[in-house]
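Novice: Heads up, here are the entries from TrEMBL:
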BINDING   Cys211, Cys281, Cys282  Zn(2+) binding site
DOMAIN    7-296  domain 'Hcy-binding'
DOMAIN    417-695  domain 'Hcy-binding'
Amino acid sequence: MLNSFLKGILERLNAGEVVIGDGGFVFALEKRGYVKAGPWTPEANVTHPEAVRQLHREFLRAGANVMQTFTFYASDDKLENRGNDLRLTGRQINEAACDIAREVANEGDALVAGGVSQTPSYLSCKSESEVKAIFKKQLDVFVQKDVDFLIAEYFEHVEEAEWAVQVLQTTGKPVAACLCIGPEGDLNGVSPGDCAVRLVKAGAEIVGINCHFDPMTCVKAVKLMKEGVERAGLKAHYMVQPLAYHTPDCNCQGFIDLPEWDMHKYAREAYNTGIRYIGGCCGFEAYHIRALAEELAPERGFMPSGSEKHGMWGSGLEMHTKPWVRARSRREYWEKLLPASGRPSCASLSVPDGWGVTKGHADLIQHKEATSDHEIQHLLEIQKKAKELAPECGFLPAASEKHDNWGHGLEMHTKPCGILQRLDAGEVVIGDGGYVIALERRGYVKAGHWTPEAAVEHPEAVRQLHREFLRAGANVLQSFTFYSSDDKLEISGNVLNFTGQQINEAACDIVREVANEGDALVAGCVSQTPCYLDTKNKSEYFEYVEEAAWAVEVLQSSGKPVAATLCMSPEGDQHGISPGDCAVRLVKAGAKIVGVNCHLDPMCGVKTVKLMKEGLEAANLKAHLMLQPLGFHTPECNHGGYLNLPEFPFALESRAITRWDMQKYAREAYNAGIRYIGGCCGFEPYHIRALAEELAPERGFLPPASEKHGLWGTTLATHSKPWVRARANREYWETLLPASGRPKCPSMATPQD
């Protein structure tokens, strides 16, 4: 293994090392509620340093060994552009960004790169001296803070990038320069090869591409840059930090041209059904919760804190530099949009894998020992037979009903305290979103096990995610105690140094701390247990109403209000008990709130809760209703939900580029001679981790996050579902063509520039 400790960027690259860059900040922090779409400016460095610090840590943990300062669009002219009224100076923001990046970089073997990007001044035809003066202001801070090297990135015109490089190289520090261009060249038609030559002659030692295009398109563009540099008899290192989105239909402008808010419709549909506890589960992110809170703000009487960084129906886009993007700053555009998938070779719907097994079946029996090779082989044989019997395509769902009542003007009374008081008063309660998939993507939960030891090991990560849901508008925060029963913690070779008691106590302390920062209640949660699948005694579970009723009987003895949700479809629970009958049994057991969570998409969840409500009314019983569905489209799922989808759990991005696409991208980039490989907008830490894992043989080590991630899904061997365990192999994920789950949407869109 090469010892790269304290080596500079050029020393590392000259020695043939692979440098893993970090991912995208503006999109990630916009989704988390800290950056405003349209301006995309980085004042969060000063206003919310803990959020920026945590994202840096996730990229570091994922395997990145360069931390870029979050100084994208931190030039004075951009901070003042299009009415963006800030009370912070560019110097304050740049200084804070450098301090945060250095603090995190010092926690690992990472370098700090100070970054500048394109300016409104250039687009406004200001002079070369005026534009260079803008770059010089940022550079003065980078020199003062002694960053390790400098990056000029996200330039659409090579001329402006040249000016930036000329300013940066005066420091004597290494300079990297990236254009956001495709194989067609920059916006003036200068080819990638000629662009690269001009950047190298200006003083850049590293040249490449970032943003605007998908990984393979960017790799092609860098190949062209490399060819141009070699033809000119020059030398340089190469880097690439592309999008994490498929963009085969883009022209030279990249993803900004694509005309790409289901959560608003879901929130309104749920409210009109009579549901008042409305949130999400796996796949919901903080920005989804914010959409629910914004849609129902008239009923609640206030907007969430996160809305200060989000314009309703895209109104913040009025401040964007591109006129066709500013034209999207209205409700009508987003309400009528049919998003494209960008995957012309993939189906819109897939065939679920359920296999028809249920409680008591041999393949569902759980055990403490790790899954054996013999069992995996057995599961692969079943998987093969299931595929042979599967139909050629999925079915099309019925068309959704149109809803024009967007709801306005419900007056809110003085806030009562408890959950039942709030619901009895007619208030809307916004629940939080999903934790296990979010924290798996951030590098703190292990796929397959899905257990919550992060509450003890990495409390700051759990705390930050709670804060993001709170900031998004949630006023119920659930303790991160999913799968924290002792039998689950011990299952399938999952060896932990913590007891269930320790994990549950830590989770409760964290969630109470965050809830006390706002108007939020804390819900202590129990979930499914291996014991029930093994036909043992009472415990808590959600696929079977019998076990859910047992859980309610235990919980209601505390005297606290009890909510009970099942992960079921309109077909009922896994024993075929209808939603209406399930609701009746739960209320009779003592539940005050009943509903549905997880496994299926929002509209399917609404349909199921409607059936629960009808059952209660027929039985002359009363209860409040709640819904916390998936954040993925699941129209072709049966009652087993998204667990049965071929994409679960590592390729669900196609329903909202997968980690497996990222591994292909990393290998392709490496083979092209690129050695600085990372991502930009849309990359999350799990994307970066995929890059680091694919290139581990070349680098000589795996990133720390891999202790929570099995290469090519191997930790799925611990999953409770046999068809999911059968996916614990590279061949499955490498040959999978993920479906989008959007039968009415095209695979390609028409650029709008």
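Just so you know, glycine gets a Cβ as well, placed from its N, Cα and C.
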Novice: Would you mind checking how many other C-beta atoms are within 10 angstroms of the C-beta on Cys211 (Zn(2+) binding site)?
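Specialist: Excluding its own Cβ, the number within 10 Å is 26.
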Novice: I'd like to know the mean pLDDT over the domain 'Hcy-binding' (7-296).
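Specialist: Its mean pLDDT is 88.
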Novice: Does DSSP give Cys211 (Zn(2+) binding site) helix, strand or coil?
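Specialist: In three-state terms, Cys211 (Zn(2+) binding site) counts as coil.
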